[in-house]
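Chemist: Pulled these features from TrEMBL for this protein:
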- 20-45: transmembrane segment (TRANSMEM)
- 57-77: transmembrane segment (TRANSMEM)
- 89-109: transmembrane segment (TRANSMEM)
- 121-139: transmembrane segment (TRANSMEM)
- 151-169: transmembrane segment (TRANSMEM)
- 189-207: transmembrane segment (TRANSMEM)
- 227-251: transmembrane segment (TRANSMEM)
- 263-281: transmembrane segment (TRANSMEM)
- 293-315: transmembrane segment (TRANSMEM)
Amino acid sequence: MRSPMAFANYTDLTVNSAGLVVTPLGLIPLPYFLQVVTVVLLFALSLSSGFSLWMMFDLWSMFIYGLIQLFFPFIFIPQVEVRVDGVHLFMVRAFGIMLLGSAYLWWNVRNSKDITVHTTLMWARVMGGAAALLAQGFAQFNKASRMTQEHLYISVLLTVLWTLGNLIYCMRCTEWGGYMETRSKLNNFLHTDFVITLIFGIMFYAYPVWLLRVQTSLPRLNVVHAHLYRLFGSALMSSAIISGRASNFLIASDKRIQLYTRVLINVGLIILFLVTYFSTAKHNDWSVPNTPFVLGVVGVWTLNAFCGSYSLAYFKN
């Protein structure tokens, strides 16, 4: 076991001739080290400033990161060591749409008087973040890994801090909320959304290669394809948790906003698919059976959310 003096030698960080910073965790390239320090300081500042500031930090982080992924997916190319194709870019954009939907939901319930709403959203983030971390860790450290150091010091680090921040505030909660569930059409639609979203999330997370073979016509798949499918699945499972818990929300408008969010996310995914599918450069990436799958199954999923968002919050006698 090292003595305290052994670690004291690292208090004066040095940069060697190769541009690597010497740290207790090993050698880290200087640009990544500066990024890590900046992100950790921002995280510590927002986390220590109270729940309201953390909530807004979380909201705007999801919004900005989602916009970057949707409109500038090529910025993530340095995180992988494979030739990027249309499926890679589509899944990065699809994950960005999920993040934008998450930010939209947070924005609409930020002033809710029901503590159940806030604790539910935070726990959903914790569970989704934990699932994403498992996928990222597997992609980064398995023998067939094609992820770079940039993925480790940017994407993995951001997921760790985001999950940890929400976990800390979840554990600080002294009141978890939760109200008796009433029989209503609105709750029935939420239950249906929960089941559909959870099944899709499990499929993307547990069976990415099988789905890729069904949905794409790529002659050769790689580990990055499977990794992006797992990340998308983690986002779906996180969203499913919210739908499953939303039936216990006190206020009907808080329940409906989850279904509104589902409609917006799914419409965004359908538009993204159509634009990608009819793009000459990327048309051949997708298989013929994938078109009815997306437009049919996702259409029914969206219709359920749309009808539920305008349904009664109670049954008439």
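Each position is counted from 1, following the chain as shown.
In case you wondered, yes, glycine gets a Cβ from its N, Cα and C as well.
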Chemist: Below 8 Å between Cβ atoms, which of the listed ranges 57-77, 89-109, 121-139, 189-207, 227-251 makes the most pairs with the transmembrane segment (293-315)?
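Modeler: Comparing 57-77, 89-109, 121-139, 189-207, 227-251 against the transmembrane segment (293-315), the winner is 189-207.
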Chemist: Can you say which of 57-77, 89-109, 263-281 has the most Cβ pairs under 8 Å with the transmembrane segment (227-251)?
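Modeler: So the stretch in question is 89-109.
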